[in-house]
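Inspection log for the structure reproduced underneath, given as structure tokens.
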């Protein structure tokens, strides 16, 4: 006799639970049909709530709108890193070589901690009009080194038909005849050779080249004077 009310209560509880939790019971209520008829429309306010606004202006919207930019950086950064890595390794190798075995009358090394900016010292070649002088040069390596030549300029004033007042050097291996097989040591050797024997046929300062060809004595006198005045 006592089991009948228990069964009735259980039925009422089951009915109430089915009505209140209809979305969790598949294909049994109208509310569930409404939910299951749009399985892929998660963007509706009922399905997403606060996330719908985040997609437009929140973190997820920011990621969606700017996602391409980090991917582009991820693609380009390794190329730059590889280029810097190649040039840095090459420059470090040349630094070790020139430190252990510098060219005659030459020295070179980085300015402080910057591997791409060097300063060089060249002593005036013995027997030349620049003998006794100490000439300072700036050397700049680009990230494309050794596939592009270094930029080498005189900081010390010098009277030379192939070197202008800004210190720019007219030397073929620093321009069109550059090769990745060349090194900064070979460049400094070539500059020393240019101090010993200038090239008036390809001058950077035409007036000095003309004087060298037509009045060598006066040319040499002025070159020695400049060496004494600016390089000692």
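The backbone N, Cα and C atoms fix where each Cβ goes, and this holds for glycine too.
Small disclaimer: the values here were computed from a predicted structure and weren't measured.
Residues annotated as active site, glycyl thioester intermediate in Swiss-Prot, with sequence analysis given as evidence: 170. Residues or ranges marked as compositional bias 'Low complexity' by Swiss-Prot: 1-37. Annotated compositional bias 'Gly residues' per Swiss-Prot: 58-67, in sequence order. What Swiss-Prot lists as domain 'UBC core' is 86-232. Among the features that Swiss-Prot reports, region 'Disordered' is placed at 1-87.
Look at the domain 'UBC core' (86-232): DSSP puts its residues at 55 helix, 31 strand, 61 coil. Averaged across the domain 'UBC core' (86-232), pLDDT in this predicted model comes to 98.
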